[in-house]
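For reference, the structure discussed in these notes is given below.
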Amino acid sequence: MALLGSSSNVLKDIWLHLYHAAGPKILFTQTYWHQKLLLCSQSCTGMAIPPRLLRPVALVYILERSTTHQEGLPKIPVPPLKQTCERYLAALEPLITREELAHTRTLIAEFLQSGGVGERLQKGLERRARKTENWLSDWWMQSAYLDSRMPIPVYTSPGVVLPQMHFQDRQGQMRFAAKLIAGVLDFKKMVDNETLPVEYLGGKPLCMNQYYQVLSSCRIPGPKKDIVVNYATGKSSSTHITVVHNFQFFVLDVYSSNGMPLTVDQIYVQLEKIWNSSLQTNKEPIGILTSNHRNTWGKAYNNLIKDKTNKDSVRTIQKSIFLVCLDAPMPRVSDDLYYSKVAAQMLHGGGSRWNSGNRWFDKTLQFIVGEDGSCGLTYEHAPAEGPPIVFLVDHVVEYMKKTEFRRAPMVPLPLPQKLRFNITPEVKKDIEKAKQNMNIMVPDLDVQVFNFSHYGKKYLKSIKTSPDAFIQMALQLAYYRIYQTCCPTYESASLRMFKLGRTEAIRSTSTESLRFVQAMDDVSKQDTEKLALLQEAIKAHRAYTHMAIHGQTVDRHLLGLRMQAIEDLTSLPEIFMDTSYAVAMHFNLFTSQASASSSLLFSVGSKTDCVMCIGPMVPDGYGICYNPMGDHINFAVTAFNSCEETNAARLSRFLKEALLDLKSLVEQTLKPSPTGPEEQPDRT
């Protein structure tokens with residue numbers, strides 16, 4: 001940002017001071033800023049700037065709020081019913097037998113009959129679309145997250161592993177945590193001032209709503225259904241974060257009495273006070289209650305908050321801006337297992353003996369800093385998808401690089417308040433039950449993290465291919481080589497070009513991808529034919545991605561029709577009772593790119609060399625995250641040990657081989673060209 005018409009660094013600094021103090025303005029007259037700068041020059045610098053430097057300039061700077069375009073964003077469309085049914089059948093083709101497909105075609109034909117159930121549900125959906133800002137978003141949050149009764153850790157909340165920090169003591173842990181907290185507060189300033197850079201795709205602004213849902217929000221358990229509450233939207237926004245150490249929770253006010261955020265060294269001193277006030281390691285891990293099955297936790301929650309002290313403590317955690325977990329060190333492992341171990345820590349905390357009780361899994365944002373140098377975060381998925389989290393991580397990492405830790409004269413600060421919990425016999429029983437369940441869940445999850453170092457995004461762009469589509473085809477090949485069949489594959493696509501848009505599913509398994517994987521190891525096929533089939537599969541994936549981000553694929557439309565039938569209190573149509581529908585929705589490969597654009601038309605990975613990890617969507621499936629960097633690709637693969645058919649280490653090995661084999665196939669017929677400029681969404 002610059003003040004047009006002036007080359008003075010002093011004026012630029014004053015402009016920035018005014019900008020952050022007053023918040024962004026759409027347009028001000030030259031005279032207004034002329035007077036403001038005159039006044040501010042003396043208060044900021046202690047001296048008056050000569051008036052000749054403050055003459056009104058010929059041009060004024062027009063600032064854009066993050067939410068400027070929000071009201072003008074288009075509504076998400078309701079796709080044509082016939083189109084969705086045709087695309088649904090096409091998606092089923094590589095997954096089911098001819099007989100099953102023929103049966104489903106009959107059901108679809110009945111569903112599409114004029115005046116039939118399909119037409120009635122479609123009209124109901126179109127009415128809902130006219131009356132609401134987004135016909136999908138509430139249903140999506142409800143069906144994908146809040147109705148789910150599975151535990152949050154492993155089953156829905158992703159983890160993010162940051163590069164290993166080189167500290168091995170509590171002082172290093174405190175310094176890092178202090179800078180991290182300051183970085184998140186700097187991000188919050190952009191949220192509060194609406195100065196987040198607006199993302200664009202193809203010259204069109206994207207919905208920024210999710211960026212405003214991740215701070216000061218929390219999931220609240222219910223006996224049958226959860227809710228999410230955003231405390232940032234109230235009359236008085238929160239000024240505290242929650243810090244947990246040795247299972248003990250503390251309130252840390254991060255703003256001084258004048259409304260300014262605490263400095264890094266002030267935060268450090270407060271964290272030291274928290275550490276010294278929580279040296280006991282025998283406290284009840286109250287936070288582990290949040291890891292239980294949602295029905296169980298819903299009942300335990302109601303029991304916990306019967307006590308007023310407990311209720312006040314829980315509310316304080318829920319209302320905090322975010323949560324910081326100061327973790328105890330984990331047992332040392334070899335270097336090749338380090339990131340796999342830390343990824344598991346981010347997902348579940350390692351069990352009741354370790355750090356699983358050092359969490360409040362319902363909190364949207366939990367930053368985790370271990371005494372052994374491990375660090376990252378886990379986030380509750382209901383309020384937002386990955387893009388705001390990735391942007392936040394990138395922002396915090398860059399902030400920490402620029403921020404020096406300096407000791408400064410200290411202003412006396414109050415002792416952080418320790419949150420009290422009264423542990424009744426009934427609460428103690430609930431804690432023991434949660435510990436038992438967590439200790440079953442932790443060893444059942446196999447996590448394999450690896451760095452594929454042979455090539456990355458630069459190389460894939462040099463051969464003029466989509467990095468995301470290429471990696472997805474490698475996944476298809478790896479899975480096919482193990483199981484001699486393909487499976488439903490889910491990749492998340494962003495619907496943020498629409499108002500309040502969340503996600504749509506990219507179905508990476510296609511007729512074209514099946515033809516390719518079948519041909520790849522067929523010795524009777526020439527390499528040129530295999531390459532042509534690979535290119536067709538990549539082309540099909542890109543075409544489906546384009547349809548998905550424009551709201552023209554099948555999964556969310558089918559969800560809408562199904563939810564409409566439930567809302568109308570009618571029996572579910574036969575297509576939703578069909579075996580083919582169950583097969584189509586059983587995603588054995590659940591995949592996601594650690595992307596700031598969440599699989600838009602092209603791939604823009606995180607700038608930070610981080611690892612994102614997710615658990616499998618189904619018991620006999622895999623969770624796969626990847627972060628394509630310039631010269632390498634970070635992968636995290638998860639599977640359940642209780643399933644004999646899945647093995648995360650085996651899939652990882654086959655995936656590496658598939659990536660190498662695809663490169664060999666390409667290089668036998670294509671010569672890489674110099675890497676062009678990296679594609680990315682415009683940011684203003």
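Glycine is treated like the rest: Cβ placed from N, Cα and C.
According to TrEMBL, the domain 'Choline/carnitine acyltransferase' annotation covers 77-656.
According to TrEMBL, the active site, proton acceptor annotation covers His381. The number of other Cβ atoms within 10 Å of the Cβ belonging to His381 (active site, proton acceptor), over all protein chains shown, comes to 21.
The annotation CoA binding site is assigned in TrEMBL to Lys457, Lys461, Ser462, Ile463, Lys464, Thr465, Ser466, Pro467, Asp468, Ser494, Arg542, Gln593. Every protein chain considered, the tally of other Cβ atoms within 10 Å of the Cβ of Ser466 (CoA binding site) stands at 20.
Here TrEMBL flags Tyr490, Ser492, Thr503 as (R)-carnitine binding site. There are 24 other Cβ atoms within 10 Å of the Cβ belonging to Thr503 ((R)-carnitine binding site).
The number of other CB atoms found within 10 A of the CB of Lys464 (CoA binding site), across every protein chain shown, is 10. Max Cα-Cα distance over the annotated CoA binders (Lys457, Lys461, Ser462, Ile463, Lys464, Thr465, Ser466, Pro467, Asp468, Ser494, Arg542, Gln593) is 26 Å. Once Cβ contacts within 10 Å are tallied over all protein chains shown, the binding-site residues Ser462, Ser492 are led by Ser492. Listed in sequence order, the residues of the same chain lying 6 or more apart from Tyr490 ((R)-carnitine binding site) and placing their CB within less than 8 Å of its CB are Ala505, Ile506, Arg507, Ser508, Phe587, Leu589, Phe590, Thr591, Met617.
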